[in-house]
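Student: Straight from TrEMBL, here's the annotation block:
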- 1-145: domain 'Ferritin-like diiron' (DOMAIN)
- GLU17, GLU50, HIS53, GLU94, GLN127: Fe cation binding site (BINDING)
Amino acid sequence: MISKKVADSLNKHMNLELYSAHIYLSMSSCANEMGLKGAANWFMVQYREEMVHFMKFYTYLVDQGMNIELLSSKAVPNTYKSLLEMMQRTLTHEELISKCINDLSEQAVQAKDHATQIFLQWFVTEQVEEENNDRDLIAKLKLVGDNGHGILMIDADMAQRVFVQPVGAPLAV
Ligand code: OFO
């Protein structure tokens, strides 16, 4: 049995995951406009991952007998100066998400809600991986600077990213 207070916090965060998906979908279109098809693919995969995160929260709340509330999503930025700026914004956003997940975990501990603590563990691990991937790309982009050839090599790398549906996760798209 989940408390209304914990359920409300999870519902709020579920909406933030949807907002994350919108940010990356917008970045995908922006990268495509810059001629960076690999980066566009990378952000599209990120969008799909965020939709899985959203659906994980949705399914967990519904399985707990809750009626979810979709809050209207605010507009997301759609202009960026460079791929480096997009990745820096991505890292900043993911650090915010990590903090929110940690706060939710703390709330679940305080409420002695073991089911929610276990549910959130997957996200705790996922955030470490997401931040690490973002830092790697930022480091590479800083190394190449404005060198077009270097950026295209990173773009070619980003084209290799493939969406993998996590085992047992609800289908999002
Ligand atoms: Fe990017 O991990 Fe969800 O939001």
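Note: Cβ is positioned from N, Cα and C throughout, glycine not excepted.
Nobody curates TrEMBL annotations by hand; they come from automatic prediction.
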Student: When you measure from the Cβ of HIS53 (Fe cation binding site), how many other Cβ atoms are you left with inside 10 Å?
Tutor: 25
Student: Within the domain 'Ferritin-like diiron' (1-145), count helix residues (DSSP H, G, I), strand residues (E, B) and coil residues, in that order.
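Tutor: Grouping H, G, I as helix and E, B as strand yields 116 helix, 0 strand, 29 coil.
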Student: In the same chain, outside GLU17, GLU50, HIS53, GLU94, GLN127, whose C-beta lies within 8 angstroms of the Cβ mean position for the Fe cation site?
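Tutor: Going along the sequence, the neighbours appear as SER20, GLU49, ILE97, PHE123, GLU126, GLU130.
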Student: If you draw a 10 Å sphere around the Cβ of GLN127 (Fe cation binding site), how many other Cβ atoms fall inside it, taking every protein chain shown into account?
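Tutor: Here the count is 18.
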Student: Including all protein chains displayed, how many Cβ atoms other than that of GLU50 (Fe cation binding site) lie within 10 Å of its Cβ?
Tutor: 23
Student: Are there any residues in the same chain, six or more apart in sequence, whose C-beta is under 8 angstroms from the C-beta of GLU17 (Fe cation binding site), and if so which?
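Tutor: Non-local contacts for GLU17 (Fe cation binding site): GLU50, HIS53, PHE54, PHE57, ILE97.
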Student: Which residues in the same chain, at least 6 apart in sequence, have a Cβ under 8 Å from the Cβ of GLU94 (Fe cation binding site)?
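Tutor: Residues satisfying the criterion: GLN127, GLU130, GLU131, ASP134.
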